[in-house]
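According to Swiss-Prot, the signal peptide annotation covers 1-31. Feature annotation from Swiss-Prot assigns disulfide bond to C100-C127, C284-C295; the stated evidence is similarity to another entry. According to Swiss-Prot, the feature active site, acyl-ester intermediate maps to S232, an assignment based on sequence analysis. Residues annotated as N-linked glycosylation site in Swiss-Prot, with sequence analysis given as evidence: N311, N317, N398. For E347, H460, the entry in Swiss-Prot reads active site, charge relay system. Here Swiss-Prot flags 568-571 as motif 'Prevents secretion from ER', drawing on sequence analysis.
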Amino acid sequence: MTNMETTAQAGSSVRVWMACLLLIFPTTVIGPKVTQPEVDTPLGRVRGRQVGVKDTDRMVNVFLGIPFAQAPLGPLRFSAPLPPQPWEGVRDASINPPMCLQDVERMSNSRFTLNEKMKIFPISEDCLTLNIYSPTEITAGDKRPVMVWIHGGSLLVGSSTSHDGSALAAYGDVVVVTVQYRLGIFGFLSTGDKHMPGNRGFLDVVAALRWVQGNIAPFGGDPNCVTIFGNSAGGIIVSSLLLSPMSAGLFHRAISQSGVVISKILEDLNAWSEAQNFANSVACGSASPAELVQCLLQKEGKDLITKKNVNISYTVNDSFFPQRPQKLLANKQFPTVPYLLGVTNHEFGWLLLKFWNILDKMEHLSQEDLLENSRPLLAHMQLPPEIMPTVIDEYLDNGSDESATRYALQELLGDITLVIPTLIFSKYLQDAGCPVFLYEFQHTPSSFAKFKPAWVKADHSSENAFVFGGPFLTDESSLLAFPEATEEEKQLSLTMMAQWSQFARTGNPNGKGLPPWPQLNQLEQYLEIGLEPRTGVKLKKGRLQFWTETLPRKIQEWHREQRSRKVPEEL
């Protein structure tokens, strides 16, 4: 059978799988269909709206901007989230909520994943809200799996509304929840003590998951079948929630797309030093944590987001992370829930280069530029300067012309920050007994041709539009809308929605008519996701061996040599 025949057969099988899904979950409606659906929750009544989805008659009830915590205003700006207050009457949940405070210009830089028409919403500190997308058909006695999406954006930018869950809800027959959390200094700056505890952005997501447990049933969701999933920083948060005792029992499956907490770009920092540096930049320097926080509380929120030179990360030795994530992993101190995770084949193809302000340097890149652009990240990893050329040599194995040098830098940055940490994390999960499903997304979306160079392959976050059914979204101003998708890309989106929702439903992405996806075991098999999916073996085996065996050995040898040189000098 040819590849084209195999692809056509797989496409037909997925359509049959989707049709069977709609038969298994019948479309008998309890009560009349209304364009402004209303739902009673323990906190009050909400009124949403109904939207359609392309290529299906199914409708989706959408509820936007529902608060899952009290607004973190005034003295609550740097506090852990508090439970939401009930409201009187009917709350309007039909309009898009504001985004959390962030640098909107930087947000607009990261919008061009697939849709350059994406709306940018207003910003506000009153932003701890979530959106719910639920198929209108409610079957008596049955509850749908719940998929809670955590957006990415380097913990600095992003919003829940930019990820429209209507197509995934309709085609996957799941309830999709998208959440917001405090970003930047509002979510992560810390004095390292009680005056400004860290990890507030993570705690916001925990609060949202608690809200889901107590409130999702009236929307047709099953609180006992919750999957958390996220991309980039969202994937980092998903993996963090797995390790935190605070989120125990709040979810039952997890998906990390291009992001895990052991990434080298996210290390626990000297919290007090970082807080002082930031405070000095806004004229709030103080030797006292209490005074520093009081000064920051007096500032206008929008004035605080203009300062870009601040390191954002998690803190340890608190209620969220009692120990460093690596130690929690090594000690297997986490629940063994089914876990699906993966990367793209060109993580630093374009988007992250643009976000990091180094895209303009990529056209004419010399070997000297390669080392210069890599040096800050390698230094952050505490790599001795004498060892850095070893890393460069490893990545220049395909030549030294400009295109090879550019590709070497892209691969190096992608491996350090995302790919190798994901592979290491998957090994920890497997050793602990989690059912693990690994993927590499390999398809270059056809829309890239409009604004990305021809050398960009499957860029960072490019799978999101397929997971969320971008070709089938009716709102073409949504970040992930993909109206120009080819027929093959539509089929890929249908397949990925089926796989992700099947995983949410059963803890396994395999199903009748879907491409076989092997569970990770000693064979180290994974799924190569593209127009013609296939099974791969030992993803980036050589690079993983370099970072986990070869390079550590060379560093040890270098340190031994340094010590041996010091002994004669001391004598």
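Counting begins at 1 with the first residue displayed.
A Cβ is built for glycine as well, from the same backbone N, Cα and C atoms used for every other residue.
Positions of Swiss-Prot features highlighted on the structure.
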{"residue": "C100", "record": "disulfide bond", "Cβ contacts under 8 Å, 6 or more apart": "I123, S124, E125, C127, L128, S159, Q180, Y181, R182, L183, F186, G187"}
{"residue": "S232", "record": "active site, acyl-ester intermediate", "Cβ contacts under 8 Å, 6 or more apart": "G152, G153, S154, Q257, S258, G259, H460, S461"}
{"residue": "C284", "record": "disulfide bond", "Cβ contacts under 8 Å, 6 or more apart": "L292, C295, L296, K299"}
{"residue": "N311", "record": "N-linked glycosylation site", "Cβ contacts under 8 Å, 6 or more apart": "L269, E274"}
{"residue": "N317", "record": "N-linked glycosylation site", "Cβ contacts under 8 Å, 6 or more apart": "Q323"}
{"residue": "E347", "record": "active site, charge relay system", "Cβ contacts under 8 Å, 6 or more apart": "S258, Q410, L413, G414, T417, L418, V419, D459, H460"}
TODO: With a 10 Å radius around each C-beta, find which of these disulfide-bonded residues (C127, C295) has the fewest other C-beta atoms nearby.
DONE: C295
Task: H460 (active site, charge relay system): tally of other CB atoms within 10 A of its CB - done: 28
Task: Three-state secondary structure, H460 (active site, charge relay system) (per DSSP) - done: coil
TODO: Indicate whether C295 (disulfide bond) is helix, strand or coil by DSSP.
DONE: helix
